[in-house]
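Comments concern the structure below.
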């Protein structure tokens, strides 16, 4: 099918499956690997578009289901799309709304036709079909649109997983047919199949035949064992076309990002940085600071030394302890810092790939974050060993 993107791989890691690339989209270039902050309803909670842009963000997410409810398709058409509506001049990726099949399961009914949701706002019913999802995403004007897929929890087993996999393939065909703007918006397929390697392989084989501009690994980050998670990711990146961007949906913990880049993933998203900020948690290279704790009441250091975000340049841990979870500005400042941390981490990962020192970066990252090798997550050790990085026996080089 037609593509409105350009994908240029500029460097490959000599040890792992990691790569650095430039993804050129209608609203500008995106340096990959990339973490995409999530502005579900047209905004990152607590951060303005100007602030996000100032952090160097090149692409963020909106959610089709939520924007379809509010402000609604008619208003989006009237104002010229979500970029104009929210004052964001860089790239947007829209989730199709399929994930709400899991997150709002008690409010949803799934059939071959589509998914009928009960609005969490007013109780009204909304039928989201592949055709309606494409129509909404065309109105939103996202640079990357995700197909509507049949999403089941990663903990689900049995016939429902296979049903969802085949339905997602059928719905992809309907999405392709309904997509009205392939010359300016890119449709990505979403690989399903649960934790079953045979179903994942079958789904990839079918969806690759559709030749979409990019592919996503869906159906993970739902509470499954991490040892199973990484194996699915690695299998998918082995089988998916390497000449196209690969996106792992819903991944946002720092160690998950680093490991999945090593396994060959290019794009990530998660609400985690801003959600955890609302509980007073600040992300740093040496771990999470719970700024609600009294030990920070007379700590006059920034959240993280060397961070150039406004929260670290202008405020102290003591100040944030005083206001966090009590004043909205506390959430605002920590959200800015956490988003800055995630974006900076991915820039550092990318630079290390280009300079062919990514394995050394991985060793230092884990040492800084966990200190003792005995604390390294076993799943991460196993995952990285599969791509020739031995966290336990190996040592980082200068």
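Heads up, the Cβ atoms here are built off N, Cα and C, so glycines get one too.
Note that the structure is a prediction, hence the values are computed from the model and not measured.
These features come from TrEMBL:
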DOMAIN    16-368  domain 'tRNA-guanine(15) transglycosylase-like'
BINDING   95, 96, 97, 98, 99, 149, 192, 219  substrate binding site
ACT_SITE  95  active site, proton acceptor
REGION    250-256  region 'RNA binding'
ACT_SITE  269  active site, nucleophile
REGION    274-278  region 'RNA binding'
BINDING   307, 309, 312, 337  Zn(2+) binding site
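Where TrEMBL records a feature, it is marked here on the structure.
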residue: 95; record: substrate binding site; Cβ within 10 Å: 29
residue: 96; record: substrate binding site; Cβ within 10 Å: 28
residue: 97; record: substrate binding site; Cβ within 10 Å: 28
residue: 149; record: substrate binding site; Cβ within 10 Å: 31
residue: 192; record: substrate binding site; Cβ within 10 Å: 27
residue: 219; record: substrate binding site; Cβ within 10 Å: 32
residue: 307; record: Zn(2+) binding site; Cβ within 10 Å: 18
residue: 309; record: Zn(2+) binding site; Cβ within 10 Å: 24
residue: 312; record: Zn(2+) binding site; Cβ within 10 Å: 23
residue: 337; record: Zn(2+) binding site; Cβ within 10 Å: 27
Ordered by sequence, the long-range same-chain Cβ contacts of residue 269 (active site, nucleophile) under 8 Å (at least 6 apart) are 35, 36, 37, 38, 61, 93, 247, 249, 250, 251, 252
Note on Zn(2+): the CB centroid of 307, 309, 312, 337 has further same-chain residues inside 8 Å, namely 302, 303, 304, 308, 310, 311, 313, 336, 340, 341
Averaging the pLDDT values of the region 'RNA binding' (274-278) gives 95
Here the Cα-Cα span from residue 149 (substrate binding site) to residue 307 (Zn(2+) binding site), rounded to a whole number of angstrom, reaches 39
For the region 'RNA binding' (274-278), the DSSP helix/strand/coil residue counts are 4 helix, 0 strand, 1 coil
Rounded to a whole number of Å, the separation of the Cα atoms of residue 312 (Zn(2+) binding site) and residue 96 (substrate binding site) comes to 35
As a whole number of Å, the Cα atom of residue 192 (substrate binding site) is distant from the Cα atom of residue 309 (Zn(2+) binding site) by 38
Rounded Cα distance, in Å, between residue 97 (substrate binding site) and residue 337 (Zn(2+) binding site) is 28
Nearest to residue 307 (Zn(2+) binding site) by C-alpha distance, among the binding-site residues 95, 96, 219, is 95
Quick note, residue 96 (substrate binding site) and residue 337 (Zn(2+) binding site): C-alpha atoms separated, nearest Å, by 28
Here the Cα-Cα span from residue 337 (Zn(2+) binding site) to residue 95 (substrate binding site), rounded to a whole number of angstrom, reaches 25
